[in-house]
């Protein structure tokens, strides 16, 4: 049997200079909510200078989440905004209002603070799985960074295609013709870009299912500007885990990817 | 000639040159190494091993601001951030928690183990025994374990396949994970001396459940076998041991077969290592076990109902959730509800 023991390491560093990572997590009440938030918090608490923005889909702050936030063990902002009933139909994008509330809070908070406040924000759904390495990768985002996402789009993973350090296309099982064929878990945006594009929000009117990410990103960046992370987008550091069986129906028989990636 | 050459080679690096190089290069090397790694891991500060401390800290130092943003109330909770090394430094006084996790290859495996590791990395004196259901230890798991930094043991044993069905199907008469858990028990018995007083607790943690950090601190004080509620099992919001006023377990609050000797899920109990070593023939029964009786097959060889130690506030708090990759079935709650709705899950 193989046994291992990590050497005890003390790491000290210039904490003040580290950009803050803002994780915007929409959440809603259902039986597994507390479990999902618990294991997500267990991951986030391993990351230094991470500020969690938790937004409930609710008309009022719930007891469960309030109690949870009080004992969460990391800096946390607890917001809430209810999704209008007319937008709760299947097929319509979810969590739009909640993500926008997170963006609004960030913008409001920073309008009174002197720049530069280095920061990176990403959208962390409460049922996904995040490796610690992902946060290292996203911390150096200058404008908009992208990386592969596991178990999404009916595939083992989706990823941006990268040539010479630039994104040139998308390896995806669903509508690769989208301007940004990427999942919500596959990108991060620097705080600077969010603040300098005050009107960039997730759309409701005229939004097609599956176009949320694309519609948002085209307001703030271009494909040429994207910064590929995770070893030129060949490592899976985040998984779109869900509470149902994994759908691999879209794994291609032909036109396989040029690299072999573990998910 | 050769002697002269050798002698001149030996004389070449003079002592003061070496000293100068070391004194100049070493500090810079250290500095660069430390600065490079600073983005990876949090700073070391005071870390208390009592999981409840973080809550007390918050109550004392809470600084909350409230202001309105249009119709929305925003409450900002500003906490003192505590950071620590990953995993926490080994302590000489805490019993080791040996976490036994069977695992098998499927698309979500790495994701499940990643988020489980992210939880385990908070727990002091934790030893992860990961047992693969495979013919050989796989590179994926080998790499994953090494990269976590956890104290681990990597084992494997393959559940025999059922050749009557399609090639890859395991023998359905053997519940999943049984051979792997038993292998870990055997490893413990071969590794630790019965007379050795290294205190330890054994816990079976499946790779898709969700564990709070508080759970590990509750189980650390186990003297024989401790028990607690588990959410999302048996078709309920949670199953729990029944505890009387004297703090003794006298039954099981379940709908599915509450008359099992131990009507409890694998995630709902922990065993003191000493007991595992003493009862060295106690294993999970491999075959002929009725659904839901797996846990009983081991526990009845270890302990009686009366000896069980209830944890989690006399079994009224949920500290572990039997999460799965499907929606929880709550059909046994019935129309009026079976479990106490005031117990938050």
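In case you wondered, yes, glycine gets a Cβ from its N, Cα and C as well.
Automated prediction, rather than curation, is the source of TrEMBL annotations.
Per TrEMBL, the features are as follows:
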type	residues	note
BINDING	A:26, A:27, A:28, A:57, A:94, A:99, A:125, A:126, A:127, A:240, A:241, A:242	UDP-alpha-D-glucuronate binding site
BINDING	A:127	Mn(2+) binding site
SITE	A:158	site 'Interaction with galactose moiety of substrate glycoprotein'
ACT_SITE	A:213	active site, proton donor/acceptor
CARBOHYD	A:232	N-linked glycosylation site
SITE	A:250	site 'Interaction with galactose moiety of substrate glycoprotein'
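Here the CA atom of residue A:213 (active site, proton donor/acceptor) lies 13 Å from the CA atom of residue A:125 (UDP-alpha-D-glucuronate binding site). The highest number of surrounding Cβ atoms within 10 Å, among the recorded positions A:125, A:127, A:158, A:213, is found at A:158. The two recorded residues, residue A:26 (UDP-alpha-D-glucuronate binding site) and the residue listed as 'active site, proton donor/acceptor', show a Cα separation of 15 Å. Of all Cβ atoms in the shown protein chains, 18 besides its own fall within 10 Å of the Cβ of the residue listed as 'N-linked glycosylation site'.
If you take the Cα of residue A:232 (N-linked glycosylation site) and the Cα of residue A:127 (UDP-alpha-D-glucuronate binding site), they are about 26 angstrom apart, rounded to a whole number. Distance between Cα atoms for residue A:213 (active site, proton donor/acceptor) and residue A:158 (site 'Interaction with galactose moiety of substrate glycoprotein'): 14 Å, as a whole number. Contact with chain B, taken as any Cβ pair under 8 Å, is found for the recorded positions A:241 out of A:94, A:125, A:127, A:158, A:213, A:241. Every protein chain considered, the tally of other Cβ atoms within 10 Å of the Cβ of residue A:94 (UDP-alpha-D-glucuronate binding site) stands at 17. The Cβ neighbour count for residue A:241 (UDP-alpha-D-glucuronate binding site), using a 10 Å radius and every protein chain shown, is 25. The UDP-alpha-D-glucuronate-binding residues named in the record, A:26, A:27, A:28, A:57, A:94, A:99, A:125, A:126, A:127, A:240, A:241, A:242, extend over a maximum Cα to Cα distance of 20 Å.
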